[in-house]
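According to TrEMBL, the protein carries these features:
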{"type": "BINDING", "residues": "Leu96, Thr97, Gly98, Glu178, Asp179", "note": "S-adenosyl-L-methionine binding site"}
{"type": "INTRAMEM", "residues": "10-30", "note": "intramembrane segment"}
{"type": "TOPO_DOM", "residues": "1-9", "note": "topological domain 'Lumenal'"}
{"type": "TOPO_DOM", "residues": "31-42", "note": "topological domain 'Lumenal'"}
{"type": "TOPO_DOM", "residues": "65-91", "note": "topological domain 'Cytoplasmic'"}
{"type": "TOPO_DOM", "residues": "113-155", "note": "topological domain 'Lumenal'"}
{"type": "TOPO_DOM", "residues": "177-201", "note": "topological domain 'Cytoplasmic'"}
{"type": "TRANSMEM", "residues": "12-29", "note": "transmembrane segment"}
{"type": "TRANSMEM", "residues": "49-69", "note": "transmembrane segment"}
{"type": "TRANSMEM", "residues": "89-109", "note": "transmembrane segment"}
{"type": "TRANSMEM", "residues": "153-174", "note": "transmembrane segment"}
Amino acid sequence: MASYIDFNQPSLWASAASIAFNPTFWNIAAQQEYHNKVITKIFGGNPRLGCYALAVTIFSLGIFRDYLYTEALAAQPTHPTLLSPLIKYSAIPLFLTGNTLVLTSMWALGVTGTYLGDYFGILMDAPVTSFPFNVSSSPMYHGSAMSFLATAIWYGKPAGILLTGLVVVAYSVACKWEDPFTGMIYARRDEERKKGGKKGL
């Protein structure tokens with residue numbers, strides 16, 4: 001399988017760099033916003049506008065990442081086994097499931113919930129526990145990885161499977177950082193609510 005991956009193609013490395021860069025960027029940006037209000041200050045002290053701007057940036061980077069991924073696959077060798085009908089068409093339910101997880105999680109969270117609004121102080125009243133969060137702890141990440149894998153299988157590209165592995169690693173690292181930090185943000189909010197409630201007694 002490794003012989004069907006052309007490591008000399010610059011497009012492969014460009015795609016890998018984009019996959020690694022995106023979660024790194026949005027986590028650094030979110031941390032700077034939470035601690036220093038960098039983005040909010042840029043937008044005149046309006047955290048919601050800052051969150052929307054970050055959302056547009058992250059979404060655009062995602063589109064560019066997907067473009068680089070398809071360009072990388074186009075330049076890579078095809079493995080005949082992956083083109084067998086049974087394997088090739090397994091990509092369809094995989095892709096549909098992945099996109100369902102991504103789109104339904106975005107619908108459940110809304111723009112600010114999806115794009116790091118909690119770092120801007122825009123918090124949800126309660127955690128979302130309905131679908132797709134009742135089947136996946138990180139449906140956007142899991143769904144995105146499934147879509148990457150489905151695309152690789154559909155086009156019969158072992159390089160795509162390798163890049164999907166990088167997607168999984170990048171998102172796993174992001175989760176190890178994001179989940180505890182987000183939990184801390186909401187724990188602080190709940191503690192402040194309790195203190196506020198006691199003052200009102």
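Glycine is no exception: its Cβ is also placed from the backbone N, Cα and C atoms.
Curation does not apply to TrEMBL; its annotations are automatic.
For the transmembrane segment (89-109), the neighbouring stretch richest in Cβ pairs under 8 Å, chosen from 12-29, 49-69, 153-174, is 153-174. Here the transmembrane segment (12-29) has Cβ contacts under 8 Å with residues 5-6, 38-39, 54, 57-58, 61-62, 64-65, 68-69, 71-72, 75-76, 116, 159, 163, 166-167, 170-171, 173-174, 177-178 of the same chain, all six or more residues outside its ends. Below 8 angstroms of C-beta separation, residues 26, 29-31, 33-34, 39-40, 47-48, 50-52, 54-55, 58-59, 69-70, 73, 78, 82, 87-88, 90-92, 94-95, 97-102, 104-106, 161, 163-164, 167-168, 171, 174-175, 182, 185-186, 189 of the same chain, each at least six residues beyond the ends of the topological domain 'Lumenal' (113-155), sit close to that stretch. The local packing around Glu178 (S-adenosyl-L-methionine binding site), expressed as other Cβ atoms within 10 Å of its Cβ over all shown chains, amounts to 20.
Among residues of the same chain six or more beyond the topological domain 'Lumenal' (31-42), those with a C-beta under 8 A of the stretch's C-beta atoms are 50-51, 53-54, 116, 119-120, 185.
Maximum C-alpha to C-alpha distance over the listed S-adenosyl-L-methionine-binding residues Leu96, Thr97, Gly98, Glu178, Asp179 is 26 Å.
Under 8 Å from some Cβ of the topological domain 'Cytoplasmic' (177-201) lie the Cβ atoms of residues 27, 34, 118-119, 123, 127, all in the same chain and six or more residues away from its ends. Local packing around the Cβ, expressed as the count of other Cβ atoms within 10 angstroms, is greatest for Gly98 among the binding-site residues Leu96, Thr97, Gly98, Asp179.
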